[in-house]
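The region 'Disordered' feature in TrEMBL is assigned to 19-48, 127-149. What TrEMBL records for 35-44 is compositional bias 'Gly residues'. The domain 'Pre-mRNA processing factor 4 (PRP4)-like' annotation in TrEMBL covers 84-138. Annotation source TrEMBL lists repeat 'WD' at 253-301, 310-344, 345-386, 387-428, 429-471, 472-503.
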Amino acid sequence: MSDDEELVFAKRPRTIHYGSLEDSERARQMADSGGPSGSSGGDIGQIYTSSDYFDLENEVSKDKAALLEEFERKKKARQIHVSTDDSEVKRNLRALNEPICYFGEGPAERRIRLKELLAALGESAIPTKSSKDDDKKQSQSQKLEQESTWYHEGPEALRIARIWLANYSLPRAKERLDAASEQLNLPSATKAGRMVELQKRIQSLAPMCSQVGDVRPITNCSFNHDSTLLMTSSLSSLCKVWSVPDCNLVQTLRGHQFYVSAIAFRNGVATDSKGEVAMASGCYDGTVKLWSFDSEEAVADITGHVPHRVARLAFHPSGRFLGTACYDSSWRLWDLEQKQEVLHQEGHAKAVHCIAFQIDGSVCVTGGLDAFGRVWDLRTGRCIMFLEGHLSGIYGVDFSPNGYHIVTGSQDNTCKIWDLRRRNPVYTIPAHTNLISDVKYQKNGGHFLVTSSYDNTAKIWSNKTWQPLKTLSGHDSKVMSVDISPDSQHIATTSYDRTFKLWIDLEGMEANFGISSS
């Protein structure tokens, strides 16, 4: 076949059938089944007929109604006002017996879900606004009750003690204010001259005595009221009394069975007194012992803290009361005349490490390992100031002689000054490079303060400008505590190296005793 020849395609003829195929199909099935006798009118072979039918219009109308209902519900949900406060949204979901939160659900999704529920159930499904306000007021009152300090009825001894404290502190407060007024009337030149002289004396401080106080590290030290005795405590369970300034051992107090961490002298007790409580000491096992000058055995034992550690203790300026800071997150006030505990005060979240009384005797300050301090009014029992600002536990507190300045030393290496009148911090001193173990104000005037630290040093700071005046270096290990004699002539430091040092103004010693510093 050549390419020029035309290809002829044969087309299949189309067969056109007229009419329905039902008759031909019925005839074919009848022929297969052998005649009309084997069939019935309603069932033809495998083909079944039914009178049921699908009402398309009705189904379409139902779908339209559902869509309209969904549209109206969403429109109504958009018109419902729901609070943007997530806590209130959760409270409303809880009132509807619905889960307050689904997995992965945020505040926006939770709010939309509440809207959809209210659109379906109606806005009346949740309490009305008035009941919401009542619930809000009730929750606020409950929150206020939780945040407020809780008080309970105290014993009769506490009432007697508070009345006595009020009668004691008010005249002393008046005397302090009168003395402050007299200081204001002094000429500025006189004040400046005194400060310059004081700074010169501080600059000339040098160790007068360095004494090995015990076979174990020395934990604390304290001067008596006339600056003639120094008391030390150690991890050997012994307390020792030394003469000042020659540092000769005067008395050894035996009786504790564990580490001694707290000591204090009682004000106004003569060294030649017989049987009178003159000293107190606190131990790691929770026992507190009272001592006299004429015996090495304890006069009395206080066991109310056992088994929790007594970290610090202090006598009230009157000498009648003893305050103890305990590691059971509380501090206690003991009346030595009534010979009982008159106050067991809670308030700290963690252990209470330190305590100090104001010079008037009306308030005291406590510092805890929860990084907070609290100022307590002893006449009412109220917490009148909350010291918040440290980043770690507070290990030292003290009151200034002016009655309104408070110093705190913390594990965050800083020292903060607080004003009781303003109820605010005044200044933050970045004092040391390690934990501050103790802080003390000058007892006579409060012109300077001393801090001790685990960086093996103690530092002296001015009261007005908070500038460093002197660094007392010499200990081989961390300095555990510091104290200033009431006559401001000596500073004592105790260390983990088992020694205590007595620092003295050499220029003043030369002028008073004619001793050469060479």
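Backbone N, Cα and C define each Cβ position, glycine as well.
Counting residues of the repeat 'WD' (472-503) by DSSP class, helix then strand then coil, yields 0 helix, 19 strand, 13 coil. Across the repeat 'WD' (345-386), the model assigns an average pLDDT of 94. For the repeat 'WD' (429-471), DSSP puts the residue distribution at 0 helix, 23 strand, 20 coil. Remote same-chain residues near the repeat 'WD' (345-386) are listed as 149, 151, 154, 162, 165-166, 168-170, 172-173, 176, 309, 311-318, 323-333, 392-399, 401, 403, 406, 408, 410, 412, 418, 420, 423 (criterion: CB distance under 8 Å, separation of at least six residues from the stretch ends). Counting only same-chain residues 6+ beyond the ends of the repeat 'WD' (310-344), those with a CB under 8 A from a CB of the stretch are 154-155, 157-158, 160-161, 164-165, 168, 172, 261-269, 277, 280-284, 286-288, 290, 300, 302, 304, 350-361, 364, 366, 368, 378, 381.
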